[in-house]
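A short worksheet on the structure shown next.
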């Protein structure tokens, strides 16, 4: 399977990465090299094989539903490019 | 003073106990070396001199009280991927400009609780994506090793290039690193250092900037096998904040060194003998086999039939997980923000400016293989092949193999800005061909320096073990190290 520049632009949109025509065209070649490489997986017979969802066989550990942390709003916004009153400030989201 | 930086972690431990020098003197020696060398090697992206001195002084007090902890006073470097409270943590990416976490990663907290001293943060491939440390926002790391016949700058490997170079150039006594597809083992092999990626779940991933959550694992890079055992014991722990962290006691890994390998079954997988493999690598592998056989181990030929699909599987699974993990870098809560006319444009501009080429490439591949219409054909298929890759190893271990021996890399360190590698992403990816299988299966893997190639560059051998049986790896690695000897680069910096 291979991609064209239009597909790369669409994928870039999904990934929220701005991409100009020159970069899109370069990426198309590079992505096709990678996709060409992974084509070999078509050779593998995976009939009856489960996808690996857990690296080490274990059930996910649950913790007690208790509040054990919090009241750290200042810490949480400390690295923000723009913040006010412990809110993250961003360009208008809703028209 | 320089003599102090030659000491290994176990020698530091003995020296501090015997009061041959103080922790502060040791830390000052390292800070002075870093100042002289870092301009040439570029291993450190942030040096925490004041903090290091403060920690060293505290260590000296504890030593004076007779309360020395396992790593008391030992100066270490920390890969820029680990959250270090109040200190530069950017995964060597522009998109995390200025980020200083208000918390500490569990692995580094473990080290400071055991008395280690933080010298600074180490350079790495951006977001741990790379095999040469050339994708870092802070520029490449230069390998302290050079070929006998050339002045050419070589890569230290990646993504933990800064960690490996710092250890090899004696700019720290040991370093933390991470490994997702080979990022501890490959740079260790390129720099004649020891690197171990423990079993998935052995070390907590909490506070480590995530790349591929089902593959990432922290581990040490050190000058010898004993030091790696000492550091891993401190780094490993079960952590309730990481649900993939496994509750298995942490053994005294150091105790495994010196234990006999008589009767241990060492598997040699035929599929690791790849087309076009350099004769020197094949010869080194054979030497490793001979050393272990001479030490009484039983050598067994094994087959891991799905080996050849591991790299392709990795380049679907890892980018897919990365595309999800890196979605959080959007200019809202931390790091770089590039303005846009609306929020979508802000996201797009920020991520375009903030991420480097390799990271963007992997996010795009990952997004594509997870997108509607392609998810089953790529991601689910890859996860099924991953089950088969793991099963190959399970069957070998069930048949009685205790550890598996393979080469660590298909070549020695290559040149910085190598043209062919830069224009062909897949060629660069092939550097990980011997290491990715281990991450896919969640097994522990170690690289041990085993020899030099015809140009005098380091080559390593890889040992792969059963889950949570790092002790056997240390046991066998020690035998290889005793046979191969230690290798140090000729100082050009």
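Glycine too: its Cβ is placed from the backbone N, Cα and C atoms.
Annotated features, as they stand in TrEMBL:
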| type | residues | note |
| --- | --- | --- |
| ACT_SITE | B:79 | active site, charge relay system |
| ACT_SITE | B:159 | active site, charge relay system |
| ACT_SITE | B:183 | active site, acyl-ester intermediate |
| DOMAIN | B:25-473 | domain 'Amidase' |
Separation of alpha carbons, residue B:79 (active site, charge relay system) and the residue listed as 'active site, acyl-ester intermediate' (Å):
11
Please report the three-state DSSP label of the residue listed as 'active site, acyl-ester intermediate'.
coil
Quick one: what's DSSP say for residue B:159 (active site, charge relay system), helix, strand or coil?
coil
Cα distance, residue B:159 (active site, charge relay system) to residue B:79 (active site, charge relay system), nearest Å?
10
Tertiary neighbours of residue B:159 (active site, charge relay system) (same chain, Cβ under 8 Å, six or more apart):
B:124, B:125, B:128, B:129, B:130, B:131, B:133, B:178, B:180, B:183, B:187
Let me spell it out: for each of the active-site residues (B:79, B:183), count the other Cβ atoms within 10 Å of that residue's Cβ, using every protein chain shown. Which one has the most?
B:183
Rounded mean pLDDT for the residues that make up the domain 'Amidase' (B:25-473):
96
Secondary-structure category, per DSSP, in which residue B:79 (active site, charge relay system) falls:
strand
